[in-house]
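Asker: Once you've had a glance at the structure underneath, I'll fire off some questions.
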Amino acid sequence: MSVLSLAVLYPAGNLKAVDAYFFGASASTESGLNTIDVKDLYTFQQLYIYFVPIFTNLGFINAVVALVRFLWFRKHLSKVAPKLLKGSRAVIPQHHEDDADVEAAAEESHAADDSGNKDAKSSQGDNLGDEAGTERTRTIAFDSSTEHHPKNDAALYIPGPRDREQGHPILEVATSKDNRDDLSIVHGPSPATPGLRRRHLDGPHLSETRTLDRVASLASSALVLGSEHTSRARRRNSAVWSSRLSQQEADARYMLALSRHATLGRNSDFRNLTGEDRAKLGGIEYRSLKLLIKIAFSYFFGLHIFGAICLVGWIQYADPKYKEVIAQAGQNQNWWAFYSAQTMVDNLGFTLTPDSMISFRDAQWPMFIMSFLAFAGNTLYPVFLRLVIWIMSKLAPRRSSIQEPLSFLLNHPRRCYTLLFPSRPTWILFSIIFILNLVDTLLIIVLDLDNPEVSSLPAGPRLLAAIFQAASARHTGTASFNLANVNPAVQFSLLIMMYIAIFPIAISMRASNTYEERSLGIYEGEKNLDESNGRDYFMTHMRNQLSFDLWFIFLGVFCICIAESERIVDNNIPSFTVWTVFFEVTSAYGNVGLSLGYPDVATSLSGLFGTFSKLVVCAMMIRGRHRGLPYALDRAVMLPDERALSATAGEEAEGE
């Protein structure tokens, strides 16, 4: 996007090449620093930097990733389903006269299984006696008088004393044919009903008939559960069996009707799943992902529309002095409303008025609405998204088709979406954001009680303007006060808030990761990390973050100080100092956009930098945007593994 801006913005002739690239980098990283006043750009240039932040917003990107995974899987499913159906039917012997009855019984069994209302039952028939159907078995049962030796080596898995005390069963397990270090549960026949006669066939085992829904459910198990070899590696690396069946595991098992051997590990990590369990779990994940895509896109674009409607309605009936500010900037009132809503939702920071939002700081309605949009679009995005899903789950009828996917999204959110967290991490995230903004708001009000820049406002508008400024320090980068005139302690607190803006969400992502036990985002594995100790857990990540980030910021400040040394040491330019440069670089690296600016200049301080310094700031913005990338892929962004899908389907066919 940064390079594309050269082709879009530069040919108009009103921007230097470095300024066009700077605008592209700032818009695509949602940093909001500008070297040219936005109101001086042509309309098509304003439209370009209007749409770019929408397409590069984290919420939009994550929704697109979910959509790509869904479409890829659906396309792959349309190819693999006929093969699975054909392969399943091919193994049924055709020379048996009554095989159609058995096949029909298997189809009825699967229909009951897919409905999720009860266990699969065998169909009644002339050759099956008068008794009701019993629980379906995985293989054709042999008569008790017939000796039956398994083809594969089998052994009993006996849990340790502690596990046996906790109710873990003794299981018969068999080694896979390819001698891999994996054990599969051998499903024996269910207890026979008195008087029930079982029919058996000579030759190969009779495979169950797969309906298309069954195939979709089976294939979808690879969508989120990942490749088979990955799950095997995780089982081999697991040192002990799950210590106990938690209430969450019991609820999940009840909802999905999983087998009694299935266990729920840390962060929605399902283990010891049978083939049926994988099919059921994959099916609900597939439907949950489909519903989540609709919710995520509706939420994202709904915020833009909601903000635009609120601001358009306000500006039409606002005090004439606010309309005059927009008119002096040469902008249309409705365009100002749409652009302001977008810049707050996407946390961009560009404004069509040269003084950011300072001219509107005593207008309570836009301050309130834009503060809400800033929170809902970025820092509290996971909180509001989960709130929407929770409200939908309460309003939807109990037997609605979306009730089960909604429940799955609430109980196991990180299996489908990176920015959707479980209940506890969501509450922690909300608490951290609330405390940080409360502290920042109090500092702005208390430390500037005698400062006309702040105290000139009445109590109500002053509070809303302070909340707006605190929200802008997280990511938005707009301003309701001239930051060069506020208390130096407030400036320093804003710098700290810009630097730690990524911390709350990053730590929540790490704490709710499902793919790896120890690694997500910017954090490397910590073998001795005690997650039960909240303080040590938090401080460990703080130390990792500091060691990872600070040297980039110091390097950027160092390079700019070398390039701009003449201006920095010039006493005739008091507003161009190492401190203002440090503030600018931190804002760029944090992708925030706040700037101490320069007197009588309606741009960021970067507008006064030379070409080299501007490129350094661009590098800081791009590097800061990518500091949240994971060392390893998260489960919620992985595409289904085609080999794993085929292997899973093959093992299912063998097991049946």
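Quick reminder: no glycine exception, Cβ is built from N, Cα and C everywhere.
Just so it is clear, the model here is predicted, and its values are computed rather than measured.
The transmembrane segment annotation in TrEMBL covers 47-72, 291-315, 365-389, 427-447, 489-509, 548-565, 601-622. Feature annotation from TrEMBL assigns region 'Disordered' to 97-166. What TrEMBL lists as compositional bias 'Basic and acidic residues' is 107-121.
Tell me about the setting of these features in this model.
Answerer: Note on the transmembrane segment (47-72): residues 1, 5, 8-9, 23-24, 27-30, 38, 41, 223, 286, 289-290, 292-293, 296-297, 299-300, 304, 338-339, 342-343, 345-348, 350, 377-378, 381, 416-419, 636-640 of its chain, located 6 or more positions outside it, place their CB under 8 angstroms from a CB of the stretch.
Distant neighbours of the transmembrane segment (365-389): 57-59, 295-296, 299, 303, 307, 310-311, 314, 340-341, 344-347, 357, 406, 409-410, 413, 419-421, 423, 426, 429-430, 433, 461, 464-465, 467-468, 471-472, 474-476, 478, 480, 501, 504-505, 508; these residues of the same chain sit at least 6 beyond its ends, with a Cβ under 8 Å from one of its Cβ atoms.
When Cβ-Cβ distances below 8 Å are used as the criterion, the transmembrane segment (427-447) is approached by residues 375, 379-380, 382-383, 421, 454, 462-463, 466-467, 469-471, 473-474, 481, 486-487, 489-490, 493-494, 497, 500, 503-505, 508, 511 of the same chain, each at least six residues removed from its ends.
If you look at the transmembrane segment (548-565), the same-chain residues 6 or more away from its ends with a CB under 8 A from one of its CBs are 499, 522, 576, 578, 581-582, 585-586, 588-589, 609-610, 612-613, 616-617, 619-620, 623-624, 627.
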Asker: Under an 8 Å Cβ to Cβ limit, what residues of the same chain, 6 or more beyond the ends of the transmembrane segment (601-622), are close to it?
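Answerer: Same-chain residues near the transmembrane segment (601-622) but 6 or more away: 2, 18-19, 21-22, 25-26, 29, 31, 33-37, 354-355, 552-553, 556, 559-560, 563-564, 567, 576, 580-581, 583-585, 588-589, 591, 593, 595.
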